Structures are given as structure tokens and as C-alpha cells.
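Some notes on the structure that comes next.
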Amino acid sequence: MFTMYLFSSFSLIVILFTSLIFISISSLQTPKHYVVYMGSSIEADVHNSEAYYLQMLDTLLPREESERRKGVHHYKHAFRGFSAMLTEEEAAALSGHDEVVSVFEDPMLQLHTTRSWDFLDSLSRVSSSFPIYNSFHGSSDIIIGVVDTGIWPESPSFSDKGFGEIPSKWKGICMEGPDFNKSNCNRKLIGARYYKSTGATSARDSNGHGTHTASTVAGAHVVGASDRGLARGTAKGGQPGCRIAAYKTCTADGCSGSAMLKAMDDAVHDGVDIISISIGLNAAFTSDYLSDPIAIGAFHAELKGIMVIASAGNDGPNASTVTNVAPWLFTVAASNIDRDFQSSVILGSGKVIRGAGIHFSNSTRPKAYSLVYARNAAAASKPVEDARTCLPGSLDPKKVSGKVVVCVMPRDAVITKQIIKVVVEDAGARGLILVNQKEKIRASDFGHFPFSEVDMTDGYKILKYMLHTKSPTVKIVPTVEIKPTKPAPVVALFSSRGPASLTENILKPDVMAPGVLILAALPPPKTAKPSTPEFGLRSGTSMSCPHVSGAAAFVKAHRPSWTPSMIKSALMTTAMTYDNMRRPVTNTSGLTSTPHETGAGEISPQRAINPGLVFETTTQDYLQFLCYYGYSQKTISKTLTKATKFSCPKKTSKDLISDINYPSISIGNLRRGQRKMIKRSVTNVGLEKNVTYVAHIEAPEGLVVKVAPKRLVFGENVHKVSFKVWFYGEKSASKRYHHGSLEWSDGYHSVRSVFSVNIN
């Protein structure tokens, strides 16, 4: 029995030898938290046990380092590995172990921080026998794992009224803490975990982010919900009948990558069907796929049939900022809905200027205050241009105290709106009018501080009034809700854009969903009064991600046998590319959006339950992707179980990534005069077995696109059909990305694949 806990003699010699070399150097270094990823879990194998990991550390680390030798996390359900406090040399030594896939420093990830469901429903204009969002139809057996900042269990959004017994497949727990009891879980919120390595003491959410995302994805109907009177209506999640399991991995400092891996490992074991992650790495620090905690965890979840949906990030509008770009992840961009919040200003002349903003006043009759241009209120020895943009320390309190200040948002965004608010408020101002570029204006929550954001044209009108008025005054009117607004959806300015930096041959993001000023549950403030609201408006791809998670649950409830890739395909190929004015979706600059901004388009859950055809992206596709990307056969084999037989193709190239059977098409490099062929196959999931689909291509100028065959014929014994698409870059084509679509139609279904081709 003793030999069960030993390495192979060669591996043991390697670690002993390297530990002798580095032990004196390591003792001089400060250990850091590292993740040691060892690939797929091995059922009933001692190499999958905690004792095995401990022996690896015991062999490597100095004997006096007893705490470090215990490790921090142990991964054993969906994949193998552990995390521990290691020096750089110790980490390097472990990376040479035969069974180790990768060793990387524990990254700190970021949070990507209601009428939205009604808006999606109205936008699709689909009459359906399936009542969306209002039924428990098949959904009560679906469990959604939300990896986030925890949850506020007392929120009415997590009421279990109407729920039956917890599904027998559930193996999770409700972890207790000082302020969280087992009784806080119920038949709706069936599980909660937290991870002590993050500093958390319970699964309770003090941030609000996790409560907001969980209620967006599957919150119960709550009548009369509002944010301090705004956006009043019935709050509900995408699939209210689903169960929720909360995994707290994030604190005020961020989200620990090692804890996220542990949460995903636990979620797979617990029995969730979908994992929703509104978190990601900063676009500037993108890791490769086998050093990215979310990509690793999602890969093994996918192999187990569990769908993982993740946010695209909030680093837009710059190109190549999208995160969570692995093809087995469902990556979500953000859009607005047909609702906005208006904060008007009334000049002393009586002229009314309509701005954007959210602020609350105790009085329905706003008071008039003197108006001052920040440029004219510079502090001594401070540049007037700094004062104009209200940079910290630039204003003279004597000149702004008791007045409303007009500031101009700097074009290079070196400062946020919230910082400007703090600057003017600390200087004693009674309100803020912020002049900004029109495409960057979005209603921001300023609490009880009067605020309005106006565009450059209206800003000029205000300054002109001040110039020609001896004692200019202004009133800032309390916020009012405006709906329906047009156009909607519009790509959110902050939503991260493609192409993906790791590889441009997979189109990311995948889809777009509402993520601007979304109303959902929040914890009550610490100073809560009986009338304090428990709902709030928040923006970010953090908010769009749970919309897609809810939509995926909705599709799964009606199509329980579908795989994650089939659900993804259905939501992508039925996505909408037009707004509520029946025009192509635009971005905040008013330009027609591209797939690098919207992915396949705005999700349409009702359409997705009957897509006609689906693209099935298989495990084989994902493994070939890793081969094409450049990982060795040896490395990829470590990620798989012993029973999985796979060999990389003889020919591997990043250009071949475009060929994996994905619902969209991306070609990162097509030379002028070059012709490239892409293969795809589709599966008929419609009611009609004998059906023919006809191709329709929308190609931009400079790009010639042809498909063969032009007709896909399905029959009783023909469920899957392949086709080829040729792309030719004309010699006169401009050097840039060209976007278009290939649509298959049988007269009822429209199966649309978007494509992006970079002609060089």
C-alpha cells in the first residue's frame, strides 16, 4: 500500500535533484501563490488524491515550511492539480514534472461590473407556444452555478415559493459562516460555498455584484421592484424556475484565479448544469489558454457536458480587448435596452437642456444655484486646463463652494466620472454638469448629488449662456425614466471588442445581451431603513453575461438533450442584428456595428428554442484547436482522461483554427488575391426531417464569398450535412477586416453565421 503514494522513480529523482539545487536560493525568496494544473481527473486513481499532491510539496519544500507544504487548494473532480505558496524556483521545478501541464502565478481577476427581459421578448417579435420567462417548464431541474461575490439569501429574488424538492442529482452543500446559516439556503438557493483563501468568512455578499448577477440569471418575480423609485416594475430573472448555487470567489480586492478554479471544480462535482462567470482577466494581461483559470475550468466543465458563459470585459471601445476567448466558452458583449434616465438642467434664462444622469433629491422643487465654469475656478498655481477637466486638486474651493460646476470630460479618459464627482463635491460644490462626447454619454448613478451629463453641442449652449449673463444660475431636475427609447439595442461603449488577441481565427465575442443600467437585486445598505430598496441599476458585461446564462437555461429547459455547443449555436444563429427601428444595430458612434462588437448579434431566446439547424462543436474540435494553436501532443494528452484517445493532425497551423466547426467564421489573415476554403457541418434539429435549406450570402465589397453546395438536403436518414465556404480577397480590396454573413433558410427557419475576414 505504501507504494501507492510514491511517484515514478524518475519523477522523484528529478524533484529531489532540483530541490537540492534551489533550496538555498528559494529560502531567500518570498513565496507567492501558484496554481499547478495537472490535467484531467483520474477516477479512483491515487494520483488524483490530496495525499499525492502533498507528497509532491513535501518532496520539494523545506521541512521547516510546514504550512506551505499543506498547499492551499486541491483540485480533484473535473481536473487535477493544486495551488500552493511557492518561490519562483520551486514553481519552475514543479513545471518540469511529467504530470504537470502548467504552473502559473495565481492571477487576480476583475469583476466585469427589470425590463431587459421584456425588451428582448418584444424585440424578437416571435409568437411562440412556449411562454418565455413565466414558466417552470422543465427548468426546476436546471441548476445554475454563479461564480461571483456571493449572495444575499434574504432577497425576495431568491424565494423558493412554488418550488418542489431539490433535484436528486444535487451533491453540493450550504456552507455556514458567522453570518450565513444552512437555513439561508432553500429549494431555490440550493447551495452556497466560499473559499477561505480569499479572506471570506461566509458566502454572504457584501459587494452586491453576485446578488445582482444571480437574480438576473434566475431571480423570482418581484412585483414593484425599483431603484429608489426609478425603473419600477416586476423584476425577474431569465429563467425564474431554475435553482441557484452561489460560489463566492471574489472580494473587494478582486477574484482569485486559484479560488475560481476550485469553485468550478466544486460546481462540476455538485451537479450544476450551467456556470455563469461575470469575471475575467484584464485585457492587458491575457494569459494563454492553459494558464487561464477560467479557460482551464471551463474546458473540463465542457468535457463533462456543463455549459460555461462568461463576460467579454469592459475595456471597450478599443479593438482586441475582449477576454474569455477560448472557443469552449460562450463570450458575451453588452448592449443597452429601450430605457434611459434623463436629468435635465434649467438655465436661469428658462432654457431647458436634457442631459443624462441618475441622482435623487428629497425635494420635487429643485433649487437654483450659481453656475461656474471649472476653467475659471482653478486653484492657485494649477493649470487652467487641469481645472477645466476637474482633475484632483485643480479647483479652488472658494470659487466653487455652493455652486454648480461645469466640467469637461477629457478626451483621453484619464479620469472617471465618479472621480470628477468626488473632486467637485469635496470642493463644496452643490452640483455637477459634465460636458462629454455624445457617444460616451451614459446615465451614471451619482446618488443624492445633483448631476447631468450633456453633449458638446449643449455644453456650448450652457457656456454661451454663462458668457452673456452677469450672474448665471441653473437648476438640476431630479432624474426621470424615459421609455421606450430608440434606437435599441446599441453596443455599449465599455463593451470589449474583438478580434481576440490570442487568435483571430475564432470570432469573439459570441453574442450580445443587455448590460446597461440593468435592474436586479442588491444587498440592503448597512444603514438600511424599512423603506430602503433592495434593487439597483448596474452596468457592465457582468450584467449581460447572466442574461445569456438565463437564456441558455431557457433553451435547455425546452431542449434538455442538447449539448452546450448546440445551445450556443442556437443562440448565435438566431441572434438579431437589427434594432427596434428595424435598422442594423449600431454602436454609440452611430456607425453600423460589426461582429467584433456584437458577435452574432443580440440574443433572441424564443427563436433559439427552434433554430432549425445547429453547429455541433465537439470535443474533437476543441482538441484540434489546441493542436492548431501550438500545444504539443504530450501536453494535450495530459488534459485528457486515459480512456480518451486523441492524436494531433499531422498538419497543424494557427490558420487551421478557422476550420473547427464553430457557428461563426473568422479568418485572421487572407492575402489579396488569395483564396481560402472553410469547412462546416450542420445538424437538423427541426421537426421536419425531409427539408431543404438554401444559402444566401451577404458579402462586403472586396470580398468574394461562395458556398457549395448551395442547397442542403436533409432526410429521414440524413441528419447532418457538410458544406464548404470559399473566401477570395480581391486585389483591389482595402486592407482591413471585412464582415458579412451566410444564411441558410428553409422558408421558415433562418440559420445565420456571421463571418469576419482580415484582408492583408
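Including glycine, each Cβ sits where the backbone N, Cα and C put it.
What TrEMBL says about this protein:
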type     : residues : note
ACT_SITE : D148     : active site, charge relay system
ACT_SITE : H209     : active site, charge relay system
ACT_SITE : S542     : active site, charge relay system
DOMAIN   : 34-112   : domain 'Inhibitor I9'
DOMAIN   : 140-586  : domain 'Peptidase S8/S53'
DOMAIN   : 659-757  : domain 'Subtilisin-like protease fibronectin type-III'
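Taken together, the residues in the domain 'Inhibitor I9' (34-112) have a mean pLDDT of 87 on the 0 to 100 scale. Cβ contacts within 10 Å of S542 (active site, charge relay system), excluding its own Cβ and spanning all protein chains shown: 30.
In the domain 'Subtilisin-like protease fibronectin type-III' (659-757), the DSSP tally of helix, strand and coil residues is 1 helix, 63 strand, 35 coil. Cβ contacts within 10 Å of D148 (active site, charge relay system), excluding its own Cβ and spanning all protein chains shown: 30. A Cα-Cα distance of 7 Å separates D148 (active site, charge relay system) from H209 (active site, charge relay system). Other Cβ atoms within 10 Å of the Cβ of H209 (active site, charge relay system), summed over all protein chains shown, number 24.
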